[in-house]
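Q: According to TrEMBL, the record shows the following:
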{"type": "COMPBIAS", "residues": "1-10", "note": "compositional bias 'Basic and acidic residues'"}
{"type": "REGION", "residues": "1-28", "note": "region 'Disordered'"}
{"type": "DOMAIN", "residues": "33-181", "note": "domain 'Oxidoreductase molybdopterin-binding'"}
Ligand SMILES: Nc1nc2c(c(=O)[nH]1)N[C@H]1C(S)=C(S)[C@@H](COP(=O)(O)O)O[C@H]1N2
Ligand SMILES: [Mo]
């Protein structure tokens, strides 16, 4: 089991909820659209866009799950106001992906792509945060299909829509671009401790023009 991880500044203790959130018993399933069927022979995880050497990286399922495994204890805060606290996520840290497939020096943002074209954009520093992880497991068990099997992103310090389920790749970007929910009224950054829920709350510099 992983050790509880020290929180970064600005975050509260594990038992504390961000403003406006309430505790949820159990673990509800929340997403837009159908649950994709996992086809191992067709599945690949791609890193593309502004890589340092200009080359794409591509891992099949066997290769991806053989990457260095780590665990992170983190909460899930849905913008619809429920939170799930203290899950242990296991998988491949985003930092590991950044090390193996480094971005070019001018990369500032990433788009994380999932099945059916779902996407979410992140600042490179949020993606590179110590606890951002491509989770394959929760509390020691493989993720279920509806919770994102085989891989979902968990970004502990942002609202949960910033963590796509059924991830298929990462695009390194030299400018910011809105993802699926960020184009549809949700905040470009999505910090739950600042209650950055909706795009109308964005200040100058928080995101590209809508
Ligand atoms: N591919 C995909 N991932 C997604 C979503 C989605 O619509 N599609 N919804 C997000 C939202 S809004 C939340 S709250 C969490 C919910 O994760 P859970 O169903 O495992 O609780 O998944 C996130 N990841
Ligand atoms: Mo959500």
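Note that Cβ sites are derived from N, Cα and C of the backbone, with glycine treated the same way.
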Q: For the domain 'Oxidoreductase molybdopterin-binding' (33-181), provide the mean pLDDT of the predicted model.
A: 98
Q: From the DSSP assignment alone, can you count helix, strand and coil residues within the domain 'Oxidoreductase molybdopterin-binding' (33-181)?
A: 25 helix, 61 strand, 63 coil
